[in-house]
Structure formats: C-alpha cells, structure tokens
Amino acid sequence: MYFQKARLIHAELPLLAPFKTSYGELKSKDFYIIELINEEGIHGYGELEAFPLPDYTEETLSSAILIIKEQLLPLLAQRKIRKPEEIQELFSWIQGNEMAKAAVELAVWDAFAKMEKRSLAKMIGATKESIKVGVSIGLQQNVETLLQLVNQYVDQGYERVKLKIAPNKDIQFVEAVRKSFPKLSLMADANSAYNREDFLLLKELDQYDLEMIEQPFGTKDFVDHAWLQKQLKTRICLDENIRSVKDVEQAHSIGSCRAINLKLARVGGMSSALKIAEYCALNEILVWCGGMLEAGVGRAHNIALAARNEFVFPGDISASNRFFAEDIVTPAFELNQGRLKVPTNEGIGVTLDLKVLKKYTKSTEEILLNKGWS
C-alpha cells in the first residue's frame, strides 16, 4: 500500500463538564484527526491524543503534530507498506513520541482493514460482539457532588467506577462511595500524586475492597511501586510509566504491579499494544484498556482492542455522551446495559460526521506523500 496524501484536521470539542486530575484540569478535547489516503482512494483515520500541556507525558499536542509533519509522514512517503506491523519498525529509530507514532500507525491499521474489507476488530483477532466498559470520574469539590455523579453513572448502567484521588481528596471520598455502593466495582487513580511517605494513607485504602490503585507513585518509577505492592493486598496498576512491552517486562520482573492500564496512544499504537496484551495474558497480569478522553475515532480504535480476549476487566472507554454533547463520528457509541457494541463495518467501523467535525474544526492541512515512492 502506498499513501498519496495526508490530511491533518485540528479540532476541539468542549467537554460536558471539566475533567480534573491530581495534575491538572481539562475543559475541552483539543486533538487532531490524522487522515491517510492511499493510491486506491482508501481513507484511514487515526486520532492524536497528546494533551496541550506536558503534564501527563512529555508529549504535547503541538510537539506531536510537529513530529508527525516533519518526521513520520516523510518516512511514510518513502516506501510501500505491505502490512501495518511494519510501521512500528519504520518509526523505531525515533526516540519517544509514542502518541505521534500511534496517531499515524492507527490510521494505517484502519486503511489496511478497509482494504481487506473487514473490521479492525476482526483484523486484530478480536471476537467479542460487545464489551463491558467503566467510567472515570475526575476530582470533585466535595463528597456530595461525587456521590451524585456515581449514582448517575450507575443508573446509566456502568458497573465499574474509577475515582481520581489526590492528597486531601482520597480516603474520605473513597470511603463515602464504598459505603453508598457496597457492591460496586470500584478503583482509585492517583496519577502519581503520592510518594513513599504516604504509605499509611495508601495502606488505609486496602480496607475498601478496591479493584486496584492506579499509578500511586512517579511516572518513571518501578522500584517504589514494587515496594508498595508487596505491602498491599490491593492490586497496584501502572499507567504513565508503561510505554512498551519492555516496561511491562521490567514491572513484572520486580513485582511493581499486578495490573496494566493499556492505552494505545501511550504505547505507540496497535502493534505495541498487542504485544503488551499477549505478554500480560501469558504472565497472568490483569490488562485493561484505558482512555484519554478520546473523540470518536480514538474511541473506535480502543473498542477494537478491548474486544480481544485478553481484556476481561471493563476499560475507561465509556459512551460518546460521557464527555461530549455530540461526537465527530456516526454512529455514536451508546451504552446498553453497561456495554458498548463493537463495530462490524470495515475498518474502525464508524464514519466521520462531517457536519459535526466542520463545526469544531480549527484548521485543516493537506500534505502530499507520493513524491518519494520507492
């Protein structure tokens, strides 16, 4: 497959409500759609998930799109791609920049699935017709507001809830939710807000029957997480410091965690994600699909991944209306008894809603890729 053209669509969707974590707050989803067009006129779509600020990882939206334009697309223009797995190797000499790589690589996967006239889910070996999903709730001002939100999402059908926590917004909030919802599948996500000095507080969370505590310590740390996991009965889950299967191997070798939050964007795309999922299954590590407030294209890629058999725990994927009044794809993803349907149409299985996308588009740039074919 040769790619003739790339289209970079910069859009920004307002969130229904601000989403707050221990490191910052988002009021909108600022992103790019990466559209690749091959010699047969097939369109593949990826979504660039890097945030505006370098507070989740080092990448930002502006740095990632620069890497895509100046480094990744020129590489794509220089060769025939025979299978989507080649993209990971093609980009491998470029250090880091996983989210930039993922946005382009996922567009290639979509294009190949469409060329083969099958869904992306089927192409990567997924078998589920629908997937269980959970919901992630950002930091709230008070316990009362949090309880109202949890009740709202439980009423909508979500069976697993993740609470963002931070110093002074942890034990009291978790305890209140657990008392009000004693049978709810519940977990806490710290986004690296704690350190070893907070051990007694983290140990106190053991009593609330949590599914896991996600990323309590630093984004580069494996050793302190291993120290903590040995002293907690609750699973530790790693997120930010997992960028490749090598990171999972390191975490497993020293006992840093018993669960992995797998995000396509954070690990560089589908090829890397599949390796991680397979490793986790072989080594009895719970793996589940995380989210980054994706719009419809990114959500579709996530659902395809989560439809594989390695994923038994509900992910942070959620329905389209969890974050947005309207999404950029049709059909939108709707919750049905705590589940989302896995698209069966070709590729990612949804199409761009051009009317909605145009409404929220900030700019569009086209780049020709057919000058350097070899």
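Yeah, the Cβs are placed from backbone N, Cα and C, and that goes for glycine too.
Over in Swiss-Prot, the protein carries these features:
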type     : residues               : note
ACT_SITE : LYS164                 : active site, proton donor
BINDING  : ASP189, GLU214, ASP239 : Mg(2+) binding site
ACT_SITE : LYS263                 : active site, proton acceptor
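Here the features listed in Swiss-Prot are painted onto the structure.
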residue: LYS164; record: active site, proton donor; Cβ contacts under 8 Å, 6 or more apart: LYS20, THR21, SER22, SER136, ILE137, GLY138, LEU139, ALA188, ASP189, ASN191
residue: GLU214; record: Mg(2+) binding site; Cβ contacts under 8 Å, 6 or more apart: LYS162, MET187, ALA188, ASP189, ALA190, ASN191, ILE236, CYS237, LEU238, ASP239, ALA259, ASN261
residue: LYS263; record: active site, proton acceptor; Cβ contacts under 8 Å, 6 or more apart: GLU49, ASP239, CYS289, GLY290, GLY291, MET292
Per 10 Å Cβ neighbour count, which of the binding-site residues ASP189, ASP239 ranks highest? ASP189
Mg(2+) site, defined by ASP189, GLU214, ASP239: further same-chain residues with Cβ within 8 Å of the Cβ centre: LYS162, MET187, ALA190, ASN191, MET212, ILE213, GLN215, CYS237, LEU238, GLU240, ASN261, GLY290
